[in-house]
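Database features, via TrEMBL:
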type     : residues       : note
ACT_SITE : His203         : active site
BINDING  : Ala119, Asn175 : NAD(+) binding site
DOMAIN   : 8-116          : domain 'Aspartate/homoserine dehydrogenase NAD-binding'
DOMAIN   : 156-237        : domain 'Aspartate dehydrogenase'
Amino acid sequence: MMRIGLLGCGNIGHIIARHAEGFTIPAVYDTKPERAKEIADLCNGKAYGDFAAFLEADTDIVVEAASVGAARAHAQEVLEHKKNLVIMSVGALTDQELREGLVAVARQTGTKIYVPSGAIFGLDNVKIGQISPISKLLLKTTKSPQSLGLDAPIRRRIFSGKAHECIKLYPKNVNVSVAMGLAAGQDADVELWVDPAADKNIHELFIEGDFGETYIRVTNVPSPENPATSYLAALSILSLLKNLDSPLVIGT
Ligand SMILES: NC(=O)C1=CN([C@@H]2O[C@H](COP(=O)(O)OP(=O)(O)OC[C@H]3O[C@@H](n4cnc5c(N)ncnc54)[C@H](O)[C@@H]3O)[C@@H](O)[C@H]2O)C=CC1
Ligand SMILES: O=C([O-])CC(=O)C(=O)O
């Protein structure tokens, strides 16, 4: 059975631990030891307070569900230890030097870096952008002001620009825009809105190209423990893990 090392024991970490079927979680790590211990207790794993020791544990794949900073700091070491890596905080990969370095290490070590679809749908066919021109690639995200730590009495746009800039300002909220851009092979445009009436996290994808055009609206249920993170994001990791070893590969 696949052995997971869980990097990040917050909201997503809890959902993964509660749905651990078809894999075990022998090792967990978080900068907050009490969180690591809680998840370790949930899944009969061991909580590590030291990242180097966590990496030495007998695991096949590390699932990062922590932060852009954690992904930046630890991704390379994970691959160097010949472990596959799931990166949820894909915003880290806007740094071209880091991204290309990680890909090079993955090639050398025969490992893979997986970026789950996260809180959106449609990443599969957005990848056609790597072979056929896409003229419009826009993500419009609407969340409640509280989920961004803001106070806004009325609906307002708080950012309009490129994904690589937006993720610097909102690293916990627009990783999906970076995933969309990496899939398409070009930086996505982003509009970020806050709406005091929003009780869901809404992602609208507008894509046009030689293929035609599409509009996808995802009305996401926020996670119980972190409203900024959509429940779908955690589910997408679970479905990635479930299908990882399957000989039947669905979707592009
Ligand atoms: N690609 C996507 O669709 C999405 C990606 N995300 C990413 O996933 C991350 C986790 O989401 P949640 O679980 O909801 O957040 P959370 O805030 O509930 O949990 C994050 C956990 O990671 C720990 N952590 C943070 N930095 C760390 C580090 N350097 N080393 C070890 N542990 C560290 C925190 O102490 C916390 O326990 C978000 O910060 C975001 O970057 C979140 C939602 C969607
Ligand atoms: O969960 C979401 O709706 C999206 C999110 O936070 C991210 O992409 O960082």
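Using the three backbone atoms N, Cα and C, a Cβ is placed for every residue, glycine included.
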Helix, strand or coil at Asn175 (NAD(+) binding site) [DSSP, three-state]: helix
Distance, Ala119 (NAD(+) binding site) to His203 (active site) (CA atoms, angstrom): 8
Cβ neighbour count (within 10 Å, all chains shown) around Asn175 (NAD(+) binding site): 29
Structural state census, the domain 'Aspartate/homoserine dehydrogenase NAD-binding' (8-116) (DSSP three-state): 56 helix, 20 strand, 33 coil
Rounded mean pLDDT for the residues that make up the domain 'Aspartate dehydrogenase' (156-237): 97
Where the C-beta lies under 6 angstroms from ligand 1, the matching recorded positions among Ala119, Asn175, His203: Ala119, Asn175
CB contacts for Ala119 (NAD(+) binding site) [other CB atoms within 10 A, all chains]: 26
Secondary structure content, the domain 'Aspartate dehydrogenase' (156-237) (per DSSP, counts of residues): 24 helix, 33 strand, 25 coil
